[in-house]
Amino acid sequence: MHIYLENLKGMLGDDCSLSDYNSSEYPITCNVSHTFLAELLANITLRLDRHHYPEYYSYQYRLIGTLFQSIIFVVGVLGNVLVVLVVFRTPSMHSPTYCYLVSLAVADCLVLVAAVPQEIVSYYLVGDEWIWGRVGCALLIFIQYTGINASSLSITAFTVERYIAICHPMHAHAVCTVRRAKRIICCVWIFALCYCSPWLVLTKTIPLMYEGIPVKEKCTFALSRNSYVGYYFADLIVFYVIPLLLSCVLYGIMARILYDNAISSAKNPGGQQMRHLHRGDTHRFVGNGTNATKPNIQSSATQVVKMLVTVVALFAAFWFPYRVWLVYNSFAKEPYMELWFLMFAKTMVFINRTNFMESGFIVFNLHQMPNKIM
């Protein structure tokens, strides 16, 4: 300590005297201005701040983030894999509806695998440290955005397919086929891959400075932050606003058709009950269709629409905080980076990727199928 005080005395100049540190409460006395001392203390404080930055996340933050997101990861991956395996191994589920559910499950699984593990690992690193390298920086972000956008487009295509099947049954035989569904899904994924491919070059790793020394690296934008405003805004419109608006309109029409059919069935149970639903298209929801009755067709069609409405409603709710945060930070002079809000927003997105509604829908329909087709 005495050596440190000697050095500090040298910094202050000849106007200062050094007393015995052990016998004096104020070992340094000097005649200098308060301004100079304030500047000196500010410089010392700045160096100390740099020495302690970046810091680890708090214990509570790491614990809560790890616990919740680990559960989401396990449940989500298992649920999505279950959807894919069950559909592929059940011939009676080889229908347009389940083709779109498989596409949705694959997209959500990609997001979970690419995002959640590295998010959990980041809780135990310092600051913005990135340990996955330049390739990982580009590839993981590319996979995340591809899965997110393919998921949104799959939901939209699924909604349009149900609208045609319920509201335009005369065209359903030609339009709502497995082959056409597979082609649409291929187009969805090709578009998502092409749209998100710029992320392979729009990210980079840079040194993370620590006391002026590059000791770590971080994954960041390759261009200035303002250059991404248009990209994020296009994401918001194409993969969030348009799908939600389109879904709301189509669900309103489908709900009216199903309601009219229900009223007609109640008034004339022995007559023509399904004016708009076509048995050839909807029989897939209740097994192989050999024993399907018109009330069953009505019920199964309503069940699918309810499931889709719930999926889209959860999609809108869970994505809203993160989408708003992205748009705000694109225009704000000072980005909003409150840690607990970021964890909340990302966790909501991860929950939306678990596909629990689709998994429950498939399990329910498995139990409804006759044993002979299981």
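Any Cβ shown, glycine's included, is placed from N, Cα and C.
Please treat TrEMBL annotations as automatic predictions, because they have not gone through curation.
If you check TrEMBL, you get these features:
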type	residues	note
DOMAIN	79-363	domain 'G-protein coupled receptors family 1 profile'
TRANSMEM	67-88	transmembrane segment
TRANSMEM	100-125	transmembrane segment
TRANSMEM	131-160	transmembrane segment
TRANSMEM	181-201	transmembrane segment
TRANSMEM	237-259	transmembrane segment
TRANSMEM	304-320	transmembrane segment
TRANSMEM	340-364	transmembrane segment
So, does the transmembrane segment (100-125) come close enough to the transmembrane segment (181-201) to give 3+ Cβ pairs below 8 Å, pairs being at least 6 apart in sequence?
yes
Determine which recorded stretch among 67-88, 100-125, 131-160, 304-320 has the most C-beta pairs below 8 angstroms with the transmembrane segment (237-259).
131-160
Mean pLDDT, the domain 'G-protein coupled receptors family 1 profile' (79-363)?
83
